[in-house]
Amino acid sequence: MRSYSLIAPGKINLYLEIIGDRPDGYHELAMVLQSISLADKIHIRSIGIETIVVRCDHPLVPQDVDNIAYRAASLMSKEFPEVFARYGGVEITINKYIPMAAGLAGGSTNAAAVLVGLDLMWELGLTHRELQELGARLGSDVPFCIGGGTALGTRRGEILSPLPNLDHIYVVLAKYKNLSISTPWAYKTYRQKFGHTYISDTESQKSSRQRVHSGPMVSAIVEHNYKEVGELLHNDLEKVALSEYPQLLKLREAFASENVLGTMMSGSGPTMFALTESQSQAEEVRAAVKEKMADPDLEFWIAQFNSSGISIAH
């Protein structure tokens with residue numbers, strides 16, 4: 001087939017712990033990652049001439065090398081030059097539903113969809129692991145976005161251990177339209193404030209990762225104890241974001257005052273989310289928080305936990 005349409009789900013963090021610094025300048029992390037049904041749609045087709053074209057229905061999405069989806073196609077063309085020459089160029093059309101710069105891996109999931117789509121279109125037959133290794137060269141969230149579901153992510157987040165799927169959990173997401181938080185700023189500020197707590201030696205970092213692996217959050221997921229999952233939500237980056245952006249703290253408090261399993265900021269933000277056990281509860285929470293906050297700049301979405309990552313659109 002010379003074209004594919006793919007569904008590219010967003011993701012939230014259920015747990016994000018910063019363990020310490022890595023020799024490559026990144027942070028050593030332990031995270032629980034979760035796919036959600038809020039998803040972009042990606043269409044990939046061959047266009048004959050050896051070039052890469054990106055189109056998007058959102059005016060602020062770059063259509064060149066600044067777009068990680070473009071870089072994913074470029075990486076594949078360099079890794080498989082003979083196949084690229086045989087099949088010709090690639091046109092990538094992105095229909096954007098995941099908000100930009102929101103901490104929901106919108107760019108990473110687009111890149112993951114391009115890797116999966118080109119593997120299918122070029123009939124490469126790459127394994128899941130091979131696709132994830134390519135994804136890790138593009139960004140820390142890309143490997144997770146390929147397979148999705150529920151997973152423990154360590155190192156930069158690219159070393160993944162699958163966890164049992166969490167079905168029947170709904171998520172209410174809220175984001176201020178004109179607020180974005182730079183991921184490098186969040187990690188840099190965290191380092192400045194809490195760097196003294198960092199673990200640097202390899203063995204201690206390893207035992208910290210293992211502590212999370214065998215810790216209460218992973219146990220709650222394995223046991224499908226949704227109440228406990230909600231209570232154990234944890235994100236170290238809230239320590240810098242909520243003090244810098246008081247409106248996020250106010251939003252978090254508004255969610256926490258409702259009938260929710262738990263509430264937290266996703267990734268480096270600024271999206272705040274709350275978990276509920278039903279769609280009707282999610283709708284009630286959205287309505288109540290929307291009324292309480294009364295801010296036209298605040299956007300809301302309702303999604304469900306997704307048990308997979310990139311899939312072919314039917």
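Positions of Cβ are set from backbone N, Cα and C atoms, glycine also.
Listed features, source Swiss-Prot:
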{"type": "ACT_SITE", "residues": "LYS11", "note": "active site"}
{"type": "BINDING", "residues": "PRO99, MET100, ALA101, ALA102, GLY103, LEU104, ALA105, GLY106, GLY107, SER108, THR109", "note": "ATP binding site"}
{"type": "ACT_SITE", "residues": "ASP141", "note": "active site"}
Note down the number of other Cβ atoms within 10 Å of the Cβ of GLY107 (ATP binding site), including every protein chain shown.
-> 26
So for GLY103 (ATP binding site), how many other CB atoms are inside 10 Å of its CB?
-> 28
Between the binding-site residues ALA101, ALA105, the one whose Cβ has the fewest other Cβ atoms within 10 Å is ALA101
Please report the number of other Cβ atoms within 10 Å of the Cβ of ASP141 (active site).
-> 28
In sequence order, the binding-site residues (PRO99, ALA101, GLY107) whose C-alpha falls within 10 A of ASP141 (active site) = GLY107
LYS11 (active site) and GLY107 (ATP binding site), distance between Cα atoms, whole Å | 11
Tell me the Cβ neighbour count for LYS11 (active site), meaning other Cβ atoms within 10 Å of its Cβ, over all protein chains shown.
-> 28
Using the centroid of the Cβ atoms of PRO99, MET100, ALA101, ALA102, GLY103, LEU104, ALA105, GLY106, GLY107, SER108, THR109 as reference, list every other same-chain residue with Cβ within 8 Å of it (recorded ATP site), in sequence order.
-> GLY10, ILE98
Near PRO99 (ATP binding site), how many other Cβ atoms are within 10 Å of its Cβ?
-> 20
Listed binding-site residues among PRO99, ALA101, ALA105, THR109 whose Cα sits within 10 Å of LYS11 (active site) | ALA105, THR109
Who sits close to THR109 (ATP binding site): which same-chain residues at least 6 apart have their Cβ under 8 Å from its Cβ?
-> ALA8, PRO9, GLY10, LYS11, ALA39, ASP40, ILE98, ASP141, CYS145, GLY309, ILE310
